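Quick notes on the structure that follows.
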Amino acid sequence: MCGIVGYIGNNDSKEILLKGLEKLEYRGYDSAGIALRNERGIHVFKEKGRIADLRGIVDEDVMANIGIGHTRWATHGVPSKVNSHPHQSTSGRFTLVHNGVIENYDLLKREFLTDVTFVSETDTEVIVQMIELFVQEGLEVLEAFRKTLTLLHGSYALALLDAQDDETIYVAKNKSPLLVGLGDDFNVVASDAMAMIQVTNQYLELMDKEIVIVKKNDVTIQNLNGDIISRVPFTAELDASDIEKGTYPHYMLKEIDEQPLVMRKIIQTYQNEQGELTINPEIISAMNESDRVYIIAAGTSYHAGLVGKQFIEGIAKLPVEVHIASEFVYNMPLLTEKPLFIFISQSGETADSRAVLVKVKEMGYRTLTITNVPGSTLSREAEYTLLLHAGPEIAVASSKAYTAQLAVLAILAEVTAKSQNIRVDFDLVHELGIIANAMEVLCDSKELFEHISREFLSVTRNAFFIGRGVDYYVCLEGALKLKEISYIQAEGFAGGELKHGTIALIEEGTPIIALATQESVNLSIRGNVKEVVARGANPCIISMKGLNMDEDSFVIPEVHELLTPLISVIPMQLIAYYAALHRDCDVDKPRNLAKSVTVE
Ligand code: F6R
């Protein structure tokens, strides 16, 4: 949450920063700002709203070779011009952008800054005022920065400008992501390589509690004791075109359409030369040595975990529990003797999941992260990582990462089963190939889903998604997709559970989207549909070929029954997409949300 950029070099930094912020908008988009430093001092431009709004107020005539920028997802203080970053110290000498949360900011205010008049409600202003205070007390800027950092409790990625220094951006990080990008006669700072990929693909990864002194031709990393740390840069494997919308009106639609391609990429990546699926043997040993898998995740990734449980238990015969990260961290269940923790996270940065990771590592348990982002915090900090290979997912609502998570979980289950000589009665490579083809058929049926969305959701305030077994888990995801981007109140329910209370909400015309892809519950879910229809509901049944009946609104192609969530979710994604479009909602950047949830 919140995105940071910085540039120091020979060119005008304005456009580089603004373009970078546009790429980071997925991290927060309620306000934005930049600070440009030139021979006349530091010029701050900030505005409530999107980067487009910020562009409107930036003075084109201000040229500066050094600058920092920020796009915000509000935590302390409402989204407003005054609360947006950059923040400045009272004298105006120091200017700071911050991503993260300082837990003890109020305490620091009372202990050190009683004489300071604050202009914003943010925790960030405390940091910049402390740096100024320590400089006024006689410390060098670097020492004042370091001393301030040692007093902060919480998470931060910071970039600091000093009006009296035209050669340096001071940078630091703890728990929030931050990279330094290396160029020829320039260097950059970014929360995500995506922001600066147009200027460099060489990056230095930063570790927690490191300070970086970034100059035009030099980058020095230190720890909080001042020891110099050497680090080899990595090449960001990002294609600039991966992060463009191309001809698509929205990233979400592009990402939905990319799912067949991602599926094929996953099959290819996880296959060896003999065509067998393969996974790092150490991960498979960790699976085999564990007596229970605990999947920890949030939101869509949690929903993927629920399906993953079916895969791992069904294929590898290993018991699995799935937990919401933010609950697990404070309310841990009794654990078995040899648990293996699997963290599922598209971004690899989710603070709730990280809090669990830190805790279970302290307890000495084994950990695996399944993520889309190599080098992300959860990936770095877990013992093992499996990558999704889905390519950057930019729309806030997750689509291709979900299906990629399911595919990787299925592969993990299959390889574990085979390592134990557990019979798997289908060929997963072949079945995933069928899935990729079926995905294509669904993506080619957009008009139908547009029509379904118009027919069932155009005027409603609420909607219910019902299913049984694994369909229920897909319904949870379908409901989340619909509510987060169209703001229609939507709930996913186990079909049989409706009559235990929720059926009271059914009125004339209430839309019910029912999934019927499982033979064993096909008749019972249809029975549940009849119960709500008898009370006036408007049913939209999506079934799988072979189980379909005359009244169904859409029939998805037949795939292996265990793997149906990989394709039954696509109608849900498209229905939600069109519902949002019909309501004129901002599909890619829904209100109040951010792509990467880096605060607990
Ligand atoms: C919804 C969505 C979120 C994320 C959740 C966890 O479309 O994307 O619910 O799934 O915030 O994020 P990650 O997967 O990055 O840990």
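Placement of Cβ uses the backbone N, Cα and C atoms for every residue, glycine included.
Other C-beta atoms found within 10 angstroms of the C-beta of C2 (active site, nucleophile) number 30, with every protein chain shown included. The active site, nucleophile feature in TrEMBL is assigned to C2.
Sequence annotations record features per position, and here TrEMBL assigns domain 'Glutamine amidotransferase type-2' to 2-217.
What TrEMBL lists as domain 'SIS' is 283-422 (among others).
If you take every residue in the domain 'SIS' (452-590) and average the pLDDT, you get 96. Annotation comment: TrEMBL describes 452-590 (among others) as domain 'SIS'.
K595 (active site, for Fru-6P isomerization activity) has a Cβ environment of 25 other Cβ atoms inside 10 Å. The DSSP secondary structure for K595 (active site, for Fru-6P isomerization activity) is coil. Taken from TrEMBL, the feature active site, for Fru-6P isomerization activity applies to K595.
Of the recorded residues, C2 (active site, nucleophile) and K595 (active site, for Fru-6P isomerization activity) place their C-alpha atoms 10 Å from one another.
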